[in-house]
Amino acid sequence: MAQYKGAASEAGRAMQLMKKREKEREQLEQLKQKIAEDNMVKSNIDKKFSAHYDAVEAELKSSTVGLVTLNDMKAKQEALVKEREKQLAKKEQSKELQLKLEKQKEKKRKEEQKRKIASLSFNPEDEEEEEEENEEEEEQDDAPVKKKKLGKNPDVDTSFLPDRDREEEENRLREELRQEWELKQEKIKSEEIEITFSYWDGSGHRKTVKMKKGNTIQNFLQRALEVLRKDFSELRSAGVEQLMYIKEDLIIPHHHSFYDFIVTKARGKSGPLFSFDVHDDIRLVNDATVEKDESHAGKVVLRSWYEKNKHIFPASRWEPYDPEKKWDKYTIR
C-alpha cells in the first residue's frame, strides 16, 4: 500500500474514501449475486418441461372440449410447440451466461488476491506537489492554506463499477449464444430417424417409417396411416384424431415431438422414450437408473379398439404420459 505523507486530516479523509469504496464494492457484489439468482429462478420455470407441460396440457384440454375441427387442433398444437421451444432457448442461454459470469468473477477474485492490498485512489505525483506546498506554507505564514483535490489513480481496479460498454458486450454475447443455440437445435430437428412401430388390433403388425426429429406425434401418425391403409380396411376411413400412439406403456399426446423426448431423455414404464428403434427383451433388465438405447416398438392403436379392450392386457397397463412422473424401475406387470 502506498504511504500517504500529507496532513493527518487528509490521511483520515483518504481512509474514509477507501472504506466508502469498499462498501460500494460489497453492495455491487450483492446486487450481481441477486441478479444471478433471479436468472436461475427464471431458468427453472420450464425445468424438464414439467410446469410448462402442465400448462400446455391444461390449455389444450380446456380449448378442445367438445367437437373441434382438425385445423383448429393443429393450429393450437403448433402454437404450444413454438412456445415450448422459446422457453427451452431461454433456459439454455441463461445457463451459458451464468457460467461465463462465474468464470469472470473467479478470475477477478484471483487477481485481487495477488494484489492483496489495493492502492489508495490518488496519484503519487499529487503527494509530492502537496509536500512542496506545505513547505511553502511554512515559509510564508501569511499565505492562505490551499487545499488540493485528490486525483484519480489509473492503476486502481474499477471493474466492479457499473460499465455501460461492458453491459452492452454482455448483451451482445447473450444474443450470439441464443442464436447459436437455436441454429444447433434446428439442425438436430432436421435430422432423420427411423421409427419402428406396430399397428395393434389384438396382435402386432410391425412397420417402419422415416421421420425428422422435429416432427410431432401427429405428423408421425399421419405418415403411419398412409402406410397402413392399404393393408387394413378399418383404417381407410379413419383420421389421425382417431389414432393413439403408445410408447413404453404410455399414451403419448399428439402435440409432443420426438425432439422433446430426445433432449429430455424421457423414460416410460417399460423403457426409454427417446429411442425409436427396437431391441428385444429390454425388460429382462429392469434397472432404469442405467441408461440404455434399447426400447420396444411403439404401438399405433384405434381409439375405438382401446375403449373396448382397456380392461384387458396389454391395454390395461397403458396410462397417459405425465412428465412429472418418474420411473425408477422398468416394469412389465
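First residue shown is number 1, and so on along the chain.
From the backbone N, Cα and C atoms, a Cβ is placed for every residue, glycine too.
Because the structure is a prediction, the values reported are computed rather than measured.
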Of the residue ranges 1-26, 209-234, 287-312, the one that TrEMBL records as region 'Disordered': 1-26
DSSP-derived helix, strand and coil totals, residue by residue, for the domain 'FAM50A/XAP5 C-terminal' (191-331): 38 helix, 39 strand, 64 coil
Integer mean pLDDT for the domain 'FAM50A/XAP5 C-terminal' (191-331): 81
